[in-house]
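Structure record follows, encoded as structure tokens.
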Amino acid sequence: MARTARAAAVDMLDGVLGEGLLLSQCEAALTGLSPADRARAQRLTAQVLRHVEPTDRLLKPFLRKAPPLTVLNTLRLATVELVLGEAAHGVVNEAVNMVRHHRRHAALSGLVNAVLRRVAENPSFGKQPPQRLPFWLRKPLVDAWGKPAVSAMEAVQAIPAPVDLTLRPGRDVGIEGAEALPTGSLRFAPGVQVSALPGYATGDWWVQDAAAALAVPLLAPQVGERVLDLCAAPGGKTLQLAAAGAQVTALDVNESRMTRLRDNLARTGLTAEVVVADALDWQPEAPFDAILLDAPCSATGTIRRHPDLPFVKDGSELEALITLQAALIDRALGWLKPGGRLVFCTCSLLPEEGEAQLAAALARHPALRVDDTLPPGADPAWRAPAGGLRLRPDYWAERGGMDGFFMARLAR
Ligand SMILES: C[S@@+](CC[C@H](N)C(=O)[O-])C[C@H]1O[C@@H](n2cnc3c(N)ncnc32)[C@H](O)[C@@H]1O
């Protein structure tokens, strides 16, 4: 039987839900598929990961005991497809065939057929709430913003994220079918094939979530300023800084991610000095006018784009990340010219990596202050009470949400 997108999706689900691998570590499952099937397999896998909890509840009455993981993942995939409106005939047949040809589980193909026929009678999650975040993450978010806000975030995380483009200033992109967001990004419906849009090859825009795109306007780089992009790869913000006319040094410790940054610079024809180094060891030759520190973090603000995260991460890296973020803030402050400015940001939902990190930095550096300038188009309601911007997935929910971020502009 030729390998299909659905078979690859089940293999990736086995990797994430069985072996605790990130989706990016499961890409071997896509080998041999056409580009269209690879994209379909990734889309199907993400759809299932967004609905594992309601899917399992829907399946439970039809299963006397949990089947082996591969069979369960085949059932999950077919169930999610049925709920999302896919025609039952093709979905059920392929699921049954996949199990029938499985070297260990062929005997369970009858069970799969029987269960999916029951699901197909009423393919709906009914009144079930969207999938909940894992406890280690949900608890601090409920403590910070309350249950209704967290439920609203979970509702946004249950739907595919839109595709946002950051536009290069001064280029007329002339792209239709997109929403121009108040902050300047251009928003497309999920699944748009970006490389087919005009202006890709000429670097008139690049893909970057609307929330992520706000850190550079918050820093407000000026033409000719020396700006350090600290923790730069793969370079969405480096491109913004360079496009604003700054003299950019882009630094990151990860060589392979920096290859992507170099590719992005080459595609857009923008320039930056590229440094592969550990920021904890590196020293600049001269101080900077401005520094953007997009620090490594739990990435919990990006769950709608990376629905594998809640199944793979358990919060155990958090303490080390918080320590690293504080050390990076302290080093960056030492590299600023007098009167220079630093934007600290993380794509995290956790106050420990945002609001609390800012408070700790202000306590360690009494001369430091938060500058509450808003980036153009930003909603004043996004201001965090003690300074900085708190961006959440449930903001702009009616437009498709945004990534979770914390960002603050500091000066001394
Ligand atoms: C949130 S990502 C940066 C995203 C990037 N700013 C962008 O907009 O495309 C964090 C980055 O920090 C880098 N990093 C982690 N520890 C580092 C260190 N000690 N020194 C330099 N870079 C580090 C990681 O390799 C990763 O690329």
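Cβ coordinates come from backbone N, Cα and C, glycine included.
Keep in mind that this is a model prediction, so the values were computed, not measured.
For the S-adenosyl-L-methionine site, TrEMBL gives Cys231, Ala232, Ala233, Pro234, Gly235, Gly236, Lys237, Asp252, Asp278; the one candidate out of Asp263, Asp289, Asp294 that the record lists there too is Asp294. Cβ contacts within 10 Å of Ala233 (S-adenosyl-L-methionine binding site), excluding its own Cβ and spanning all protein chains shown: 24. For the binding site of S-adenosyl-L-methionine, formed by Cys231, Ala232, Ala233, Pro234, Gly235, Gly236, Lys237, Asp252, Asp278, Asp294 according to the record, the largest Cα to Cα distance is 20 Å, rounded to a whole number. Cys347 (active site, nucleophile) has a Cβ environment of 26 other Cβ atoms inside 10 Å. In sequence order, Asp229, Ala250, Arg260, Leu261, Asn264, Leu265 are the residues of the chain that are 6 or more apart from Gly235 (S-adenosyl-L-methionine binding site) and have a CB within less than 8 Å of its CB. A helical conformation is recorded for Lys237 (S-adenosyl-L-methionine binding site) in the three-state DSSP classification.
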